[in-house]
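Straight from Swiss-Prot, the features:
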BINDING   8, 10, 19, 24  Mn(2+) binding site
BINDING   10, 12, 14, 19, 208  Ca(2+) binding site
BINDING   12, 99, 100, 228  carbohydrate binding site
């Protein structure tokens with residue numbers, strides 16, 4: 001199975017797999033059962049921003065999800081990613097729908113990682129920014145139902161021609177270049193990621209959510225991972 005670390009923006013409470021009984025953000029380490037969650041007031045049809053940071057000195061992964069009206073949710077979890085992830089990874093965005101559905105639209109995405117090495121005091125950095133997504137976006141690996149180019153956005157899950165979200169859909173987008181996320185000789189490994197998103201649904205219960213994830217470089221969508229598994233995990237263990 002893939003090795004996955006993720007920050008989930010979970011719109012549907014699957015209490016049977018340990019979700020709290022409300023929409024939440026959570027930090028997932030190798031399992032969809034979040035290590036830590038925080039209540040999130042998801043605003044249907046409004047553009048939100050997610051900001052994720054990690055620093056190997058503090059060994060803390062943190063996320064803030066906010067809306068223009070100032071409403072925000074914060075979650076953090078102490079973890080040493082050296083012990084969890086391989087040295088080289090890919091970073092991506094994932095989303096799913098199930099019986100209930102929503103649009104999982106990404107409007108922009110940026111990422112920066114830095115490795116400050118002991119020996120040379122140099123920093124190896126990888127940085128990318130997408131302020132919009134073109135139809136033929138060469139530097140993204142699209143998996144499942146993910147598509148780019150509609151209105152300059154990235155649609156992670158299936159949307160009909162009139163813009164209605166479709167159920168039982170899963171899609172992911174990964175940056176094409178592998179990221180050197182840690183190195184034994186590095187003094188500091190850090191990264192931050194930001195994406196803006198629009199979740200829209202006419203269902204009484206939008207589902208299922210969007211995640212920023214880090215994985216082994218050959219990661220693919222697990223079979224049967226629509227709905228509550230967010231396109232990340234093969235099962236709910």
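Each Cβ is built from the backbone N, Cα and C atoms, and glycine gets one as well.
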Where residue 14 (Ca(2+) binding site) sits in the secondary structure, as DSSP reduces it to three classes: coil
Non-site residues, in chain order, whose CB comes within 8 A of the mean position of the CB atoms of 12, 99, 100, 228 at carbohydrate: 14, 97, 98, 205, 207, 208, 227
CB contacts for residue 10 (Mn(2+) binding site) [other CB atoms within 10 A, all chains]: 26
Neighbourhood of residue 228 (carbohydrate binding site), C-beta criterion under 8 angstroms, separation at least six: 12, 14, 17, 19, 32, 96, 98, 208, 236
Cα-nearest neighbour of residue 100 (carbohydrate binding site) within the listed binding-site residues, 8, 10, 24: 10
Chain-internal residues near residue 99 (carbohydrate binding site), provided their CB is under 8 angstroms and they sit 6+ positions away: 167, 168, 207, 227
